[in-house]
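Colleague: Quick one: the structure is below, and I'll ask about it shortly.
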Amino acid sequence: MKKIAILTSGGDAPGMNAAIRAVVRSALYNGLEVMGVQRGYSGLINGELFKMDRASVSDIIHRGGTVLRTARCLEFKKEEVRKEAVKILKDNGVDALVVIGGDGSFTGAKLLSKLGVKTVGIPGTIDNDLTYTDYTIGFDTALNTAIDSIDKVRDTSTSHERVSVVEVMGRDCGDLALYAGLAGGAEYIITPEKGYCKEDLCRVILEGKEKGKIHNLILLAEGVGGAVELAKHVEFQTGIETRATVLGHVQRGGSPSAFDRVLASKMGAKAVEVLLAGKTSRVIGIKQNLIIDQDIDEALALERTFDEELFKIAEEISH
Ligand code: ADP
Ligand code: F6P
């Protein structure tokens with residue numbers, strides 16, 4: 001193994017830069033050459049590769065986004081396009097590819113490895129939707145960004161004695177809503193995994209009012225209906241003024257938390273270690289506080305789980 005390449009793909013996540021830095025610096029430390037690929041798989045098929053050195057990753061550990069840029073590249077689902085990517089990697093003398101992204105990007109990596117490219121995946125997504133790992137890079141930062149906003153919404157909600165519906169990202173995964181709901185002291189958490197009942201929600205709000213609650217915070221995961229529509233429904237059914245806040249892409253940006261920087265650094269170093277050990281088609285994760293690597297097929301085949309226990313705790317302590 002002489003030369004590796006690295007790309008970021010799918011939705012960006014805070015801490016991707018720290019992971020890029022760790023991969024580049026660990027690879028150089030171990031005598032490998034590194035090429036950066038710009039704009040994910042899209043840049044790969046367009047041959048957007050460039051040589052990286054120590055300085056290429058200077059001053060980025062604290063920056064949000066990804067210096068390699070990212071993209072969603074639908075053509076990569078076609079085998080003939082992936083074959084073109086294999087040729088480009090070969091022409092550039094690249095022996096292995098590190099992919100930082102979510103499950104979609106990992107599927108791309110898995111299919112590339114079936115064409116003979118050595119691959120390793122590092123989980124970078126705010127969604128925390130990969131079952132094989134306890135945490136993905138970016139989740140902690142997005143969660144803290146959400147909490148910062150939720151605390152602010154709570155202030156104004158209390159002043160006006162209103163109900164607030166706050167919508168967070170997460171695509172099909174309720175982790176951001178669950179953790180933000182728990183940490184933000186929400187009265188009601190709505191996730192794709194658990195669903196919800198509109199009558200039950202309005203009952204909880206009215207019961208809360210009777211018990212003397214001044215405001216009510218509802219945490220809604222995107223995809224389980226829209227916050228604006230839900231706020232209108234709640235206001236109509238309860239007679240309490242209700243406002244909707246959609247946090248949106250603020251959750252994807254910003255300086256990564258210390259947790260995400262450390263996680264990204266450990267995972268980046270592990271990815272290089274795995275490649276140097278001659279392994280391929282692996283993904284890096286964290287399980288019970290240990291950095292692990294796992295077969296990519298096995299990892300992607302795992303059924304999605306939901307932290308029922310945490311949801312129960314949140315429910316119990318919210319009333
Ligand atoms: P994430 O990696 O965050 O889950 P996406 O699901 O958007 O983000 O996937 C990112 C990219 O990974 C896609 O734009 C595409 O280039 C590649 N990808 C996703 N699914 C596949 C697939 N089934 N086959 C090949 N490539 C894929
Ligand atoms: O996968 C990360 C994520 O932020 C999801 O939570 C969200 O559904 C999606 O990406 C938004 O994608 P886009 O940036 O293309 O709007």
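A Cβ is built for glycine as well, from the same backbone N, Cα and C atoms used for every other residue.
Below are the features listed in TrEMBL for this protein:
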DOMAIN    3-275  domain 'Phosphofructokinase'
BINDING   Gly11, Arg72, Cys73, Gly102, Asp103, Gly104, Ser105  ATP binding site
BINDING   Arg21, Ala22, Val23, Val24, Arg25, Arg154, Gly185, Ala186, Glu187, Lys211, Lys213, Ile214, His215  ADP binding site
BINDING   Asp103  Mg(2+) binding site
BINDING   Thr125, Ile126, Asp127, Arg162, Met169, Gly170, Arg171, Glu222, Arg243, His249, Val250, Gln251, Arg252  substrate binding site
ACT_SITE  Asp127  active site, proton acceptor
Colleague: Any idea what the Cα distance is from Met169 (substrate binding site) over to Ser105 (ATP binding site), rounded to a whole Å?
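Modeller: That separation, Cα to Cα, works out to 18 Å.
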Colleague: Do any residues at least six apart in sequence from Asp103 (ATP binding site), in the same chain, have a Cβ closer than 8 Å to its Cβ, and if so which, in order?
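Modeller: Spatial neighbours, sequence-distant, of Asp103 (ATP binding site): Asp129, Leu130, Leu300.
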Colleague: Spatially speaking, which of the binding-site residues Thr125, Arg171, Lys213, Arg243 is closest to Gly102 (ATP binding site)? Use C-alpha to C-alpha, please.
Modeller: Thr125
Colleague: How many Å separate the Cα atoms of Thr125 (substrate binding site) and Gly11 (ATP binding site)?
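Modeller: Each residue's Cα considered, Thr125 (substrate binding site) and Gly11 (ATP binding site) end up 7 Å apart.
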Colleague: Which Cβ among the binding-site residues (Gly11, Gly102, Gly185) has the fewest C-beta neighbours inside 10 Å?
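Modeller: Fewest other Cβ atoms within 10 Å, among the binding-site residues Gly11, Gly102, Gly185, is found for Gly185.
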Colleague: Taking the binding-site residues Asp127, Arg171, Gly185, Arg252, which residues show a Cβ-atom distance to ligand 1 below 6 Å?
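Modeller: Near the molecule: none at all.
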Colleague: Roughly how many angstrom lie between the C-alpha atoms of Val23 (ADP binding site) and Ser105 (ATP binding site)?
Modeller: 17
Colleague: Of Arg72, Asp103, Ser105, Lys213, Arg243, listed as binding-site residues, which ones have a Cβ less than 6 Å away from ligand 2?
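Modeller: Listed by sequence, the hits amount to none.
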Colleague: Can you give me the average pLDDT across the domain 'Phosphofructokinase' (3-275), rounded to a whole number?
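Modeller: Across the domain 'Phosphofructokinase' (3-275), the average pLDDT comes out at 97.
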Colleague: May I ask for the distance between Ser105 (ATP binding site) and Gly185 (ADP binding site), taken between their Cα atoms and rounded to an integer number of Å?
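Modeller: The separation of the Cα atoms works out to 34 Å.
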Colleague: Can you list the residues of the same chain, besides Gly11, Arg72, Cys73, Gly102, Asp103, Gly104, Ser105, whose Cβ falls within 8 Å of the ATP site's Cβ centroid?
Modeller: Ser9, Gly10, Gly40, Gly101, Gly108, Thr125
Colleague: Using C-alpha atoms only, work out the spacing between His215 (ADP binding site) and Cys73 (ATP binding site) and round it to an integer in Å.
Modeller: 44
Colleague: Checking the spread of the ADP site as listed (Arg21, Ala22, Val23, Val24, Arg25, Arg154, Gly185, Ala186, Glu187, Lys211, Lys213, Ile214, His215): what is the longest Cα-Cα distance, in whole Å?
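Modeller: Roughly 57 Å, rounded to the nearest whole number.
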